[in-house]
Amino acid sequence: MSLLDDVNEPADLDRLTRDQLGLLASEIREFLVEAVCRRGGHLGPNLGVVELTLALHRVFRSPHDRIIFDTGHQAYVHKLLTGRRERFGGLRGRGGLSGYPRRAESPHDLVENSHASTALSYAEGLARAYALDGVGRTVVAVIGDGALTGGLAWEALNNLATSPGRVVVVLNDNGRSYAPTVGGLAAHLGRRQGDDDGPGLFEALGLDYLGPVDGHDVAQVEAALHAARTADRSVVVHCVTRKGYGHPPSEADEADRLHAVGVVDPRTGQPTSAPGRTWTDALSDELVAIGADHPDLVAVSAAMLGPTGLAAFGARYPDRTVDVGIAEQHAVTSAAGLALGGKHPVVAVYATFLNRAVDQVLLDVALHRLPVTLVLDRAGITGPDGPSHHGMWDLALLGAVPGLRVAAPRDEATLREELREAVADQDGPTVLRFPKARVGDEIPALYRTGGIDVLRTAAAAPVLLVAVGAMAAPALHAADLLAEAGVECTVVDPRWVRPVNPALTAFAADHALVVTVEDGIRDGGVGSAVALALADAAVGAPVRALGLPTAFIPHGERAGLLAEHGLDPPGICAAVLHEVSTLPADLDLRMRARTQTPLSPLPG
Ligand SMILES: Cc1ncc(C[n+]2csc(CCOP(=O)(O)OP(=O)(O)O)c2C)c(N)n1
Ligand SMILES: CC(=O)[C@@H](O)[C@H](O)COP(=O)(O)O
Ligand SMILES: [Mg+2]
C-alpha cells in the first residue's frame, strides 16, 4: 500500500512525518510521469509543484481557505490530494478528468479558465468580498513567473496593497514559461535569488515579500506559508522551483521542460508515434521562406515561439523575432508600433488567447489601418484543453473589426498562398486562422473566380456548400454522401472569409440553398455574415449556418467534439438533407429544371 493510496483529502497529510512527506512526493512524481505520459497533458509544470502543493494543503484548509491556480495547468497534484487519484486514467478525455481545475469535479476547485494571469485578480476580488463580510478565510493565489508577465496580474498587484482583503500570493518561479521567461521581471526575480538587496518590486507596491524559498523543500515552504498566513497585509511568497523536477527527460528538455506532451515514452519523453505534419509546421516553413523576401517582416510571440511555429524564423532572423512574455495585449499594440515604424509584424498566438487583445486589434491596429498580420493557431475546436482553449470565437469577434480581413486556408498550399497575400497587404490588418491538427492532403480547386475557389460542381446542383478553411475536407466528403443520396452540391472555399466576398452572392443566386460550414460559433460567424450579405443583395436562397453553439464546450478529442456538433461529413450531410426536405417543392423543382450546365466562371 503506498502513502498516496491513503491520501483522499488534504487533512490526510497532517499525520505524515517529514520522511513520509518525502516518500509521498516521490510516489506522486512516479504517478504523474506514468499517468501523463500515458494520456498526454502538462508534465513539466506539475512535476515542479509537488512539494509546493503538499505544503499548500498542509498549511491552508481548503476549501474553507481558497486556493486559486493561475492558468491551472499545474493543478494535477492538487487534484491528487483532493480525492481524484482514481480519475487520472481518463485525464483530458471526453467525460474524464479535466486537465485544469473544474468546479463540477470538486469543492476544492474554484477557477476553470486556463488563460494565464487571472489568479491575482480573482483573489483580490474574493478577499475583498470576505473582508466586507468579515469572513476569516484565507485566499491563496498560485501564479507562475510566466503568468506574472501578463498585464492583468500587475493590475491586480497594483490593487492588492490598498484592498481591504489580504491575499497570499505564491509565486512559483521556475524561470520559464515554455522557454525562459523574458523581460525585466525575470531579471528582477533572478537578482532576488542572489544577494541582491536592492529595492524589491513587490515591497515598492506595498506588499510583503518572503523568499526566495526552496520550492522543493516542504518544510521551508510550510514555514513561509505559515508566516504569510498570519501577516497583516498581502504577501508574495517567492518559491524557486525547477520545471520537470525529478524526471530527467523533463529536466533535460531544452525546448520547454516537457511543458505539454502527447502520449510519450516516460523513459525518454519522446512521442510514441510520429505526430505527422501539422498546420503549425506549414506556417513555420512558409514564414521562414517569406522572411527572406520581406526584410520588413517581424515575428511576435506571447511566450510561445515554439508552439506557434515562430522558433524557426527566430533562429534564422533573431533580430526580427520578439517574445513579449504572456502579454497578448502588448504583443498586438507593440506590433501596431512596429507597423507605424514601417515594419510588417506577424503576431502568432493561439486563437483563444487573442480574445484577450480584441480591443488592441480593433482600436490600436484597425482604427489606424495598420498592416499587422495575426496568425491564429489552434483555431476552432482544440480538444483536450477544454472550454477556455477552444479557439471558437475569432471569426465572430474579428468580423466586427472594420477593415480587417480574415483568411482561413484549407490546406498547406492555400496557407502558403494566403500568408503571402496577408504579408503583402499594406492597407490594413490581416488574419490567418487554422486548427490544432495535421494539415491533411492538398485540396485542389477546379477553378478560381472572384477570389473564390470552386472545389466541386455538378449540373443543376441545388445546394451551395461554403466551406470555411479546414472544413473544406469534411464538406467535400459530405458532398459525396449527398450525391449518393441524390442531392448535388457545389462546394466553394472563399479563402478570405471576412468580410464576405461579394462574388459569393453570384454563386448563391444560382442555388436553392446555401449551407456554410465553419469551425467557430455560428452566432456572428461567417454563416451569419453570409446570410446578411445575401439578404442585402436580395438573393433569396435560404442560408443554413453550420458551426458551434454559443456555449462552453468541454474537453475531449477534436474529431469527437466536431462530430458531436455535426461538423463531420455525416453531420453536414444530415443537416443538408434536412434543409433540402424543407425547401418548397416548387422551388426545389425549379432548381432541378435549371440549365444542365455547371456554373461558368464569373468575370474577373
Ligand atoms: C493568456 C494566455 N496566453 C498563453 C497561454 C499559454 N500558456 C499556458 S501555460 C504557459 C506558460 C506559463 O508559465 P508559468 O506561469 O511560469 O507556469 P509554469 O508552466 O512555468 O509552471 C503559457 C504561455 C495561456 N494559458 N494563457
Ligand atoms: C496551458 C496552456 O495554455 C498551454 O500549455 C496549452 O495547453 C498547450 O496547448 P497545445 O498542446 O495545443 O500546444
Ligand atoms: Mg514558470
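Think of each number as a place in line: the chain as shown, counted from 1.
Placed from the backbone N, Cα and C atoms, the Cβ positions cover glycine too.
These come from TrEMBL:
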type: BINDING; residues: H73, S114, H115, A116, G146, A147, N174, H247, E328; note: thiamine diphosphate binding site
type: BINDING; residues: D145, N174; note: Mg(2+) binding site
type: DOMAIN; residues: 277-441; note: domain 'Transketolase-like pyrimidine-binding'
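Closest to D145 (Mg(2+) binding site) by Cα-Cα distance, out of the binding-site residues H73, H115, N174, E328, is N174.
In the predicted model, the domain 'Transketolase-like pyrimidine-binding' (277-441) shows an average pLDDT of 98. Taking H115, D145, G146, N174, E328 as the candidate binding-site residues, the subset whose CB lies under 6 angstroms from any atom of ligand 2 is empty. Cβ-based crowding with a 10 Å cutoff singles out E328 as the top-ranked of the binding-site residues D145, E328. In the three-state DSSP assignment, the secondary structure recorded for E328 (thiamine diphosphate binding site) is helix. Checked against ligand 3, the binding-site residues H73, H115, D145, G146, N174, E328 give D145, G146, N174 as the ones with a Cβ under 6 Å from it, listed in sequence order. Sorting the binding-site residues H73, H115, G146, N174 by the number of other Cβ atoms within 10 Å puts G146 first. Across the residues annotated as binding thiamine diphosphate (H73, S114, H115, A116, G146, A147, N174, H247, E328), the widest Cα-Cα separation comes to 31 Å.
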